[in-house]
Amino acid sequence: MLDLKFIREHPGTVKHAIAVKGVNLDLDELLRIDRELVELRQRVEALQTERNANAKLVPKATPEERPHLIQKGKDLAEDIKALEPQLRAHEDQLRQLLLRVPNIPHPSVPVGQDDSENVELRREGQLPEFAFPPLDHVELLERQGWSDPERVARVSGSRSYLLKGDAVLLEMAVLMFALDFLRGRGLTPLSTTALVRPETLVGSGHFPGGEDQVYKIEGDELMLAGTAEVPVNSLYAGEQLSYEELPLAFAAISAAFRSEAGSAGRDVRGLIRVHEFRKVEQYVMTRADEAEALRWFGAILENAEGLLRALELPYRVVQNCTGDMGAGKVLMYDIETWVPSEGKYRETHSCSYLGDWQARRTGLRYRDEHGKLVYAHTLNNTGIATPRILVPLLENHQQADGTIRVPEALRPYLGGREVLGVPVRAAAAEAKSPRNK
């Protein structure tokens, strides 16, 4: 949510953000309701002032004047009461429209309609060169007996998954490694629930507009969040922190749930797009200093890149265009990791800076060095998400016999093992393990 004063003073800037982000919002309607609300409040305040002045006259009035003044006070009270429904309706309308106002993108953000217009910034790591026909992650899991897609589909339907044996240990190793890695970078580990109240999804910016992506608990006012960003963003809702308490930086682990509405037919097979997953999320609350916030943006981006380098996975960083960055984002970079079976990079991380857009929604403020109450700034980035990260991990580290080479960083979490699985296919005499170009 943007400052209403800023919207009034910079309607052209806000309209441009609405246009380039593809937001369905009539800013002129918002400004009209705002003007009408100002007028209504002025009328109510004028009536209240008149009523208060009238009330002061009653004790001093003569017996002849008093009945008239008392009646006038009642009439003024009725006039005020008659305006209250209009006042509340305008306040509600304005609030709902303000929640849809997008943030202003950073000047560096490219203008575009969708992810096809994102801009690649850099590539890291060398793509694997296999001396054998590589398998995709589904085949690798099935040949090792690490999955059971048919049975789990009968239990949970499409976009569900089940891991067995060493695949479970690998998933847990990745999550624990990510937590340890981020803790070493100064983030506080946090384990949080995925169950949240609807207002937390408003606070994070997922509502209004993303309702079809969220699972609801019938018979209860609770929903299942798709990221730990949602509950962590509301942990300090309505609070006033001190200058010294910020920044707060968390590595939050939780289950995550997404309905994947609008994804029919996309990534149905395998682990790329599932309804339930586990995720370690980086989340930062910092002071209202854009330079400081952008330093944090660089830090949590580097954290994610450091994790991928430690997992020995090739990746690229792209800057999201205006049409692919979400309403609340000032700046957003995606990290995409190489998936050999698809011959392309797939998104595994999203790094975002939101200014005070979320803090205004939750009421998170702090006292600056001058004692003034100001809204905090927030940032977030994926630490690691499973099982999606297992896709590039399995495929990039597969060996000719179908076993998986364990990256050195994960070996302490797997009892020192260097290889997972057993040989499940004959390797050609000349075949070698993946080697780097």
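Using N, Cα and C of the backbone, Cβ positions are placed for all residues, glycine too.
Taken straight from Swiss-Prot:
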type: BINDING; residues: Thr227, Ala228, Glu229, Glu281, Thr382; note: L-serine binding site
type: BINDING; residues: Arg258, Ser259, Glu260, Val274, Glu347, Thr348, His349, Ser350; note: ATP binding site
**Item:** Chain-internal residues, separated by at least six, CB under 8 A from Thr348 (ATP binding site)
**Value:** Leu308, Tyr315, Ile335, Glu336, Thr337, Thr382, Ala385, Arg388, Ile389, Pro392
**Asked** Glu260 (ATP binding site) has how many other Cβ neighbours within 10 Å of its own Cβ?
**Response** 18
**Message:** So among Ser259, Glu260, Val274, Glu347, all listed as binding-site residues, which is physically nearest to Glu281 (L-serine binding site)? Use the C-alpha atoms.
**Reply:** Glu347
**Message:** On the three-state reduction of DSSP, what should I expect for Ala228 (L-serine binding site)?
**Reply:** coil
**Asked** Between Ser350 (ATP binding site) and Glu229 (L-serine binding site), what C-alpha distance do you get in Å?
**Response** 12
**Prompt:** Out of Thr227, Ala228, Glu229, which of these binding-site residues is nearest Arg258 (ATP binding site) by C-alpha distance?
**Reply:** Thr227
**Prompt:** Three-state secondary structure of Thr382 (L-serine binding site) from DSSP?
**Reply:** strand
**Request:** By CA-CA distance, flag whichever of Ser259, Glu260, Val274, Glu347, His349 among the binding-site residues is nearest to Ala228 (L-serine binding site).
**Result:** His349
**Fill in**
Glu260 (ATP binding site), DSSP three-state class -> coil
**Prompt:** Max Cα distance spanning Arg258, Ser259, Glu260, Val274, Glu347, Thr348, His349, Ser350 (ATP binders), Å?
**Reply:** 19
**Alpha-carbon distance [Thr227 (L-serine binding site); Val274 (ATP binding site)] in Å** = 13
**Request:** Write down the Cα-Cα distance for Thr227 (L-serine binding site) and His349 (ATP binding site), rounded and given in Å.
**Result:** 12
**Prompt:** From the centroid of the CB atoms of Thr227, Ala228, Glu229, Glu281, Thr382, the recorded L-serine site, which same-chain residues not already listed sit within 8 A by their CB, in sequence order?
**Reply:** Val230, Val232, Ala252, Ser254, Ala256, Lys279, Val280, Gln282, Tyr283, Asn380, Gly383
**Asked** Which value in Å gives the longest Cα to Cα span across the L-serine site residues Thr227, Ala228, Glu229, Glu281, Thr382 as recorded?
**Response** 10
**Among Glu229, Glu347 [binding-site residues], residue with fewest other Cβ within 10 Å** = Glu347
